[in-house]
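Colleague: First the structure, then my questions, so here it is.
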């Protein structure tokens, strides 16, 4: 029969796991496959046909129906699923119905019996499968047996009602008689057959091979004696005693198998009319149906008597085996434990050793056989509070020393084993671990840690320790002193997240992934930022700390602050490389060259590597050396050269240096002594500058300067003549122009004669052009005075706000026929400067009139005076034609007019802004312009304010 094994059923016995052994077999119910299900259906058919054939003649139903037990087993052990259950149900209906037809019943009652038998099997099987733990049904505990009894009763009720209704309806039988006999026969079949199906895979006991045949023989003999023909004695209890014998001595599967055999034999013998149940049939005191029912009740009693007893004894045997195994395991763990273990009992208020393993004897350094009965405080230096904990039943853990060895250390864990409610002597367990070596090592490590901490904190270098992930686990005091970052600010942070060694992350990753097996540190220089933002240059030396398996465990980053050194060396290197026009030569005290820079190489066309170690005086013209120093000997000449230096330097002096091609270069040379902190003098430094061309050019320059001086004097004379000419012409022009303007005004106002109406425009034109000539003459005279510095400036306190108001009044006539918006903005307080009132008013007037003149109708002119800091600011802004950017550099030159003004044919001389710039500059101020072509202009004048 094909079966599928599922997980073992849960046993009620406590403990971590069921131990191996004959008494500890756990029942595993099979899951029926297709082959097993078909085989069981065939068995049901055979059993049903046999039961129908052997039924009593006076009863339409069989006296015993083993097919019921087989059908319930089929439903209970079939695989889960509604579709599978439906198939099994249909199969049971077909098989049992067909069996009834084969046994000689008609089709109607056969079909009814088939449905009733299938319903019984489904109800009982589902009751067995309804386990709280899930999984297939088992027969391990009394709860499982109770579930079996409930299944038998439920199935019996279903079949009794179904069969009785079928008999009444189709065979004119008795309802009660049919229900009574059907219930007993089917319930007995379930209680007898199903236990074997549920315990089929239980591991059998093999420790009593000779007792089983004896018990089977005794059971068989008792059955023969009780159910022999014409036997009427009340000996039905006798076979039950031998079944109880099986339940007491053998496993549940033996009991179930013997119960089935016993049921089959007794049912058969009873059907033959043998035994005490059928003895009264011939005398008419009972019927065959009643005898069959009594026999089935007898089988029910046998099952109820033996099966639960076998289950209880099997459970007990499992518990006993488990306890025994756990006891053996505990004892083995106790004796073979690597920890010292003591079993203690309280005797007159003190703990005494009741048992001890060999490890405990080694820990307390006593012979193993001498520990039992010894007081715990005679072995260990226990603390005073231990007594209070013993009274309250609390556990205790601590580290103590041996009583006779204060340098030793033992880790002790003391706990109570017995229940707190025990009236007897409480049992305690003590676990001992010798940590003396660890204690000594810890003391050494603590001392080493203190030494390491002191060393790290007194080291004048940044030291960071990181784990494999690059997180900082230690930082020394110097890190705080040099960078301002405290250790608590850095702990737990990755190095890449700090400003100290962010560039060290690739090095750390490389060290961890590809460890440097040579042990040499990885040296790298990088930039660090202190807590207050200061930049430092740090020389990092990174290395690994390895564990006992030679694997990287920590990284140590040691950083030395080389900021000052790098700044100095960088400056020196830069100077040595950059000074290509200056020769820098280092000389030791013996006069040998030690440094020869690029400037010296370029100047003398010499290779520095060849000059190092040569005498310095060999670079000088020997004739000049002999002339100035009085000797041609190199050593004496060098001594004479540096004799007057002392701790200072020789003043610059021109020397002739010899180039590689033999040419002589005039070099302005200074020679100074160099010092170090360890010695007073380490050598000399020569700084030379090639002045050959300079000296040659000086003569040419003197000649050129003389020519230039002559030319300047002639230019100055010409300029003075020009200024005098302009001034003279302006004076000469202003007088007649003034007269013309005066006479024109007299003609206009009718002083001489009343003018004609058509003459007035002519007079106005003459007056306007005359005024223009007067303004031009005044501008020319002013420029001439500025150029010749002949103008006398007044130094008065001037309020620029008043100057702006005067300009507003002066330009008012210009605005009568214009469509302009003019805004005058002055400060609430006077804006005072020191200067010439007339000239400053002229500055304001020129800027404002220019803005009005160059702004088209509809535009805006804004003039503003204010104080900004220490300056008085005059700004004039317009929305006029603007000035092209490329022409603004010539804006303040004399007679300059922008291309836009010329294109628009706007009148002007180009002198106004040059006069404004000259006046502002003479007053210590500045003037700036901001303008774009056709987008307006802003002129800003800034003058020192007067407080």
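Every residue, even glycine, has its Cβ placed from backbone N, Cα and C.
TrEMBL: automatically predicted annotations, no manual curation.
OK, TrEMBL features for this one:
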REGION    1-22  region 'Disordered'
COMPBIAS  1-10  compositional bias 'Low complexity'
TRANSMEM  38-55  transmembrane segment
TRANSMEM  61-78  transmembrane segment
TRANSMEM  85-101  transmembrane segment
TRANSMEM  107-128  transmembrane segment
TRANSMEM  148-171  transmembrane segment
TRANSMEM  183-200  transmembrane segment
TRANSMEM  212-228  transmembrane segment
TRANSMEM  259-279  transmembrane segment
TRANSMEM  291-314  transmembrane segment
DOMAIN    448-493  domain 'PAS'
DOMAIN    728-947  domain 'Histidine kinase'
Colleague: Residues sitting near the transmembrane segment (107-128): Cβ under 8 Å, six or more positions beyond its termini, same chain?
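Modeller: Distant Cβ neighbours of the transmembrane segment (107-128) are 48, 60, 65, 67-68, 71-76, 78, 85, 89, 92-98, 100-101, 137, 147-148, 150-152, 154-156, 158-159, 162-163, 165-167, 169-171, 186, 190, 194, 198.
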Colleague: Using a cut-off of under 8 Å between C-beta atoms, tell me which stretch among 85-101, 148-171, 183-200, 212-228 contacts the transmembrane segment (259-279) the most.
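Modeller: Comparing 85-101, 148-171, 183-200, 212-228: 212-228 has the most Cβ pairs near the transmembrane segment (259-279).
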Colleague: Would you mind listing the long-range same-chain contacts of the transmembrane segment (212-228), meaning Cβ under 8 Å and 6+ residues beyond its ends?
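Modeller: 235-236, 238-239, 241-243, 245-246, 249-250, 254, 258, 262, 265-266, 269-270, 274-276.
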Colleague: Which residues, given as numbers and ranges, are at least 6 beyond the ends of the transmembrane segment (85-101) yet have a Cβ under 8 Å from it?
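Modeller: For the transmembrane segment (85-101), the far contacts come to 37, 41, 44-45, 48-49, 52, 67, 71, 74-75, 78, 107, 109-111, 113-115, 117-118, 121-122.
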Colleague: Using Cβ atoms and a strict cutoff of less than 8 Å, what residues sit near the transmembrane segment (183-200) while being 6 or more residues removed from its termini?
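Modeller: That would be 27, 29-30, 61-70, 72-73, 76-77, 120, 124, 128, 137-139, 144, 148-149, 151-153, 155-157, 159-160, 252-253, 255-257, 259-260, 263, 292-293, 296-297, 299-300, 302-304, 307.
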Colleague: By DSSP assignment, list the helix, strand and coil residue numbers for the domain 'PAS' (448-493), in that order.
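Modeller: When I sort the residues of the domain 'PAS' (448-493) into the three classes, I find 22 helix, 10 strand, 14 coil.
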Colleague: Averaging the per-residue pLDDT over the domain 'Histidine kinase' (728-947), what integer do you get?
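Modeller: Taking every residue in the domain 'Histidine kinase' (728-947) and averaging pLDDT yields 85.
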